[in-house]
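Feature annotations, reproduced from TrEMBL:
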- D427: active site, 4-aspartylphosphate intermediate (ACT_SITE)
- D427, T429, D976, D980: Mg(2+) binding site (BINDING)
- D427, K428, T429, E661, F703, K727, R766, T846, G847, D848, R950, K956, N979, D980: ATP binding site (BINDING)
- 64-122: domain 'P-type ATPase N-terminal' (DOMAIN)
- 1002-1229: domain 'P-type ATPase C-terminal' (DOMAIN)
- 98-117: transmembrane segment (TRANSMEM)
- 315-337: transmembrane segment (TRANSMEM)
- 357-379: transmembrane segment (TRANSMEM)
- 1036-1054: transmembrane segment (TRANSMEM)
- 1066-1086: transmembrane segment (TRANSMEM)
- 1106-1129: transmembrane segment (TRANSMEM)
- 1141-1161: transmembrane segment (TRANSMEM)
- 1167-1193: transmembrane segment (TRANSMEM)
Amino acid sequence: MEQLHWVRHRCQHMMETNTERGWCRALHGQRIKSPLDSHRTPQRVPDRQRKVFACCGPQQHDYKAVSKNYKCNAICTTKYTLLTFLPMNLFQQFHRVANIYFLFLALLNWVPVVEAFEKEITMIPLVLVITVIAIKDALEDYRRYLFDKKVNNRVVTTGAYTDQCWKDVRVGDFVRLSCNESIPADMLLLHSSDPDGVCYIETANLDGETNLKQKQVVSGLPLQQVECSPETFHSHIECENPHKDLRRFSGFIEHNSGVRVGLHSRNLLLRSCIIRNTEKVVGIVIYAGHETKAMLNNNGPRYKRSKLEKHLNTAILWCVLLLIIMCVMAATGHGLWLRNFRESLFSVDKDTSPAMAGFYLFWTMIIVLQVLIPISLYVSIEIVKLGQIYFIQNDLALYNEQTDSRIQCRTLNMTEDLGRIQYLFSDKTGTLTENKMVFRRCSIYGVEYPHKEQGRNERFTLTNGCHGKSGIMCSSLGCNRSSESQGTLPVNAAEEEEVEEQPRTNDFCSHWDKEVLPDPEILRKMNILCSPMLTRSVSDTSSCLELSYILDFFFALAICNTVVVSSASQPSHFVSTRYLQYVYQLYTKMCTKQNRFKSQEKNHQWSRELLPVEGNYCKSEVYLNGDSDWTEMDVEDSLLEFASQHKNTDEQLYEAESPDEGALVHAARAYHCTLRGRSAERLMVDLPGIGPTSVQLLHILPFDPDRKRMSVVVRHPLTEQVVVYTKGADSVIMDLVEEPRGKEIHTCIRNQTQQHIDMYAREGLRTLCIAKKVLEKEEYETWLNKQLLAESSVENQQELLLDSAQRLETNLTLLGATGIVDRLQEDVPETIEALQRAGIRVWVVTGDKQETAINIAHACRLLNTNDQLLTANCASKDECAALLEDLKVKVKHESNISTDLPPVEKSSPSLQTSFILVIDGRTLDWALKKELSDVFLELSSSCKALICCRSTPLQKSQVVQLIRNQLDVMTLAVGDGANDVSMIQMADVGIGICGQEGMQAVMSSDFAISRFKHLGKLLFVHGHWCYFRLANMIHYFIYKNVMYVNLLFWYQFFCGFSGSVMTNSWVLICFNLIFTSVPPLIYGILDQDTPADTLMKHPELYQAGFTQSMFWITVLDAFYQSLVCFFLPYFALKGSDVGELAFGSPINASALLIILLHQVIESNTLTWIHMVVLVFSVGLYFGFVLLFSLFCVCCSPPTNPLGVEIRQMSEPVFYLICALTTVTALLPSRKHRLCLKCHMNILLLLSLPSKLVCSSKCVHMRSYGKIWKDTYTTWGHFFKYAQWAH
């Protein structure tokens, strides 16, 4: 029966003439008439437009004239060539202030008046650092060169279909591609092997998305059966100049006849994408090489400057100031020495005045003490960060086995900032939630239908027949159903049929739960369509209208999307014409035998008496003439036989751009409104009671963040009317719904639907509204002309298309609303609670409804029972200003009350009041204005958390920017969708989640994770470790440089401030650059100040950081150790006949041991790697000085180091001095370290706040005085023994 009814409707539709279709022929390329046609003048093409002609054929002359201005398709991502590498690399390296500083010192040493060492020696540090960085840059650039060469030499079929390299492709060339081939340039699609003129591409190489995108051949071209070639192509193309926007392309193609056809992004094949599921395509190159969108978006690795780098620069400036002070003191002392002791033991120039000599010595001391500025620190930091990233990426706790993905570190210089986050901004959908949408509720015709949990054994299906007769009852729209539907079309309970649970289909990536358990009430009402007594069953106007709403609702869910249908064996399903042709032949055969269909209705459409208002679906009984050779059963059997022969045994797989679309399509399929296939102009849909139906797709108005909705314009398969189906946010759809006068039922439907939407939001469901609009013929023609003009416009095309869509989407008829559940990810509440314990403010910035956001905030423990909710929903700017002021006063008043509470009540969490501010998008827009931003900032920073609802992508970034800039805090933004990109890029640290909404957020982020719970391990453990490691390493570098430089400075008091040193210049330069440079790298990569389990158990330890006072404590510690290291050997050797280098030998050895063992004391983790590196560093130093002492006769003039070190190391006093000096220098550090560790362990056992842990360092610094005093008692005995030994 169903197939027979469908045959009648489809055959009559196919036999109609084109008179009913002719008015929409403009879709196929006919000239668009406008008021300007009567006095048309040649249109001036702006300079910003690009003209493209075919490379050969009748327009070859024009091609040569314009193509010379366009770039070729060869790409070059390298920075250098063989000729430019040295000058360009040096130029880039000397952009660093440190390199310029050391270059200045090297050149200064060439001035004879201030020369301190041999000219070559001062060049060693700079040359070594520059060489290492140059080699690294050369290797990276060579790797880019090999990749460019591989890409440029790929082969593609072009022109006369000859093989050609990618680099030789030019704008205007015709390119022919086969399935699974990569697209070499941005091409306009002119031909596809698919008869409907579509092809599918995979854009994973471009934006990371794996779902297929459908592209469409330019309309108005010759038949697709004829392959396009340059010789037959007589049209020319005008389009906009290259730009980065992947989703925008405008222009037109003009044929010889003067017909212009608009171009859009669906006609453009982008470079680096891959052809899928299409045998062959042909296109003309529009943009080539570096003008393609892929190359314009290839900005290379992102660079963000970490906060620790800024602190490092401050520390370096303090070191520079310290260097200047020391040099000024030495210059002043030298001038006073010369003035008071003209007959000095040191050789001086008597013709130079003391003041000028002091000036010269100032620059000499700058050269001598240059090692105070750590030139190798910057290179060391880069190496340490690479090691840290390696361990982060290989952490199994951050691996998601379900998606086989691990954390990605996309920025190399941000690891330490993970340990200093103060504000965290999070999206909701896909970030806090799974983004695996499950259809849970719907409201149709003002009636609410809940859906049970998936996974139940019950399944309801549409019956193939009906049993018994059922009367009609009408229920009021005022009913509110919460647990089960209250039907208005009851049927016998016997019509329910239980079937066993169907196997789950394999979605393209299983991103949403596809099994929807249909509501039995909806099924009962839809089974009316199968009743043979349809007219008697549905006699009430209200019931017919409700049934029409239900069918329209699910029909809209099935077609109002961009879902691509595929299957395991046939990846793409297109609308097949074979089935319709067979039906047509069958109908013709019946007509020749004079077997005519007879119906109780007057025409082929649904009965107008049956559905007087919205009658699109209800059908009537069909009878065949009794003398017919073809009976109804014969027709049905033939159709079923054909369907069984051509039925695809593979179940449909839906590839959707968003999980919402997939969930809605699966919900429609549960009610037998199944999307079977899609082409550029047709949709194949199974309708209940009708079967496979071809739907003409006229237009798709895609989702837009400004409109917050999408629409499809179709020709209804039964009524032939042009219908607009729209789905979108309730905040915009409700404003577009018409309220016709005299039809209170529409008002009642709207009010009831709004109540259901509010209920869904309170339950945390994602809501969408579904609406429709039936267009009259004249109305559609008027809109179509403006739409085609907008599509063919090059200038302001997006604005014109937006205006055209808004004109169409008005006076809608509300069908209903959907409620989709998006469950929280695992461990999200625990993670947010831990973040708040760590002192991180967590703000949720989402585009969802306010009620939904509040419900999710409760579920994830962002909003607790003790928290007070502050809501800001304003209708005007003045109201917003007044409300923000009132809320600010209220929060301030409550805060003052809480500060006046007794200490016992303050410590009780139940008595503490925290505020959560909830603000909607419109109010947020006013709050971010300049005149209100200060009040909003003060209010929001006083609250525990902020929930921004209905926020646009721009508002998200503005909130982050306001907090980051005004409060000067470290911010982190986390999201998973394209609407989060601006927020992620604005924050100090951006984290993208590999979710269900593509890879735009991941590709714009600094780090990418797969689950929100991974933030805990990433911040509390790796962020804490990275920050402490780098901060300790920087302090260690400053410590060892200050410590060693002070040894040279103390010596100036005993050499007349002459700039002399007690060691040879080679050891002086290499001491910090080589001998003590490797251990800090191991320390910065492997040290763990606190175990990972402890950090995860006590998030309060996260904020334990360094302050500026720690820098000065490090400097004072270095001063103390330098005093011990210099003066202890000095007093031990005082009165002996040791020379200058012999005096410096135990000082250098002691300094090396002190510096290396100081790191051992400060380290929290010691492994065999640490031991090997320490032994290597010590062995390297002693091996170097011994070889230097054996073979160097004139390596360090004017001194002679030959035999000095060998003689010193052969005496026991050398080792005694080194041992006692090392122990005396390190003893305070060791005792302080033991006390600190003991105190921290006690605090952890007592679970006290981390502020006490941080302050304990300052408390125990007071113990230094007592520790130093204890060491002084051993000095007298040592000095006496040393003098006796000499």
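We number each residue from 1, going along the chain as drawn.
A Cβ is built for glycine as well, from the same backbone N, Cα and C atoms used for every other residue.
Same-chain residues lying 6 or more positions outside the transmembrane segment (98-117) and placing a CB less than 8 Å from one of its CB atoms are 123, 125-126, 129-130, 316, 360-361, 363-364, 366-368, 370, 373, 375, 378, 1059, 1065, 1068-1069. Within 10 Å of the Cβ of N979 (ATP binding site) there are 21 other Cβ atoms, across all protein chains. The stretches the transmembrane segment (1036-1054) and the transmembrane segment (1106-1129) are in mutual contact, each linked to the other by at least three Cβ pairs under 8 Å (pairs 6 or more apart in sequence). A distance of 11 Å separates the Cα atom of R950 (ATP binding site) from that of D427 (active site, 4-aspartylphosphate intermediate).
Among the recorded positions D427, F703, R766, the ones whose Cα sits within 10 Å of the Cα of D980 (Mg(2+) binding site) are D427. Cα of N979 (ATP binding site) to Cα of the residue listed as 'active site, 4-aspartylphosphate intermediate': a distance of 9 Å. With respect to Cβ neighbours within 10 Å, the recorded positions D427, G847 differ, and G847 shows the lowest count. Put simply, T429 (Mg(2+) binding site) is 9 Å from G847 (ATP binding site) when counted between their Cα atoms.
Away from its own ends, the transmembrane segment (1167-1193) comes close to residues 1064, 1066-1067, 1070, 1074-1076, 1078-1079, 1082-1083, 1086, 1145, 1148-1149, 1152-1153, 1156, 1160, 1200-1206, 1209 of its chain (Cβ-Cβ under 8 Å, at least six residues beyond either end).
Outside the transmembrane segment (315-337), and at least 6 residues removed from its termini, the chain residues within Cβ reach (under 8 Å) are 98, 344, 354-355, 357-359, 361-362, 365-366, 369, 372-374, 1034, 1038, 1041-1042, 1045, 1049, 1052-1053, 1056-1059, 1111, 1115. If you look at the transmembrane segment (1141-1161) against the transmembrane segment (1066-1086), you find at least three C-beta pairs under 8 angstroms, all six or more positions apart, and that counts as contact.
Other Cβ atoms within 10 Å of the Cβ of D976 (Mg(2+) binding site), summed over all protein chains shown, number 32.
When the CA atoms are compared, the recorded positions lying within 10 A of R766 (ATP binding site) are T429, out of the candidates D427, T429, D976.
Residues listed for ATP, D427, K428, T429, E661, F703, K727, R766, T846, G847, D848, R950, K956, N979, D980, cover a largest CA to CA span of 24 Å. Taking the Cα atom of each, F703 (ATP binding site) and D976 (Mg(2+) binding site) are about 18 angstrom apart. The binding-site residues under consideration are T429, D980. Their Cβ neighbour counts within 10 Å are lowest for T429. Counting only the Cα atoms, the space from D976 (Mg(2+) binding site) to D427 (active site, 4-aspartylphosphate intermediate) is about 8 angstrom.
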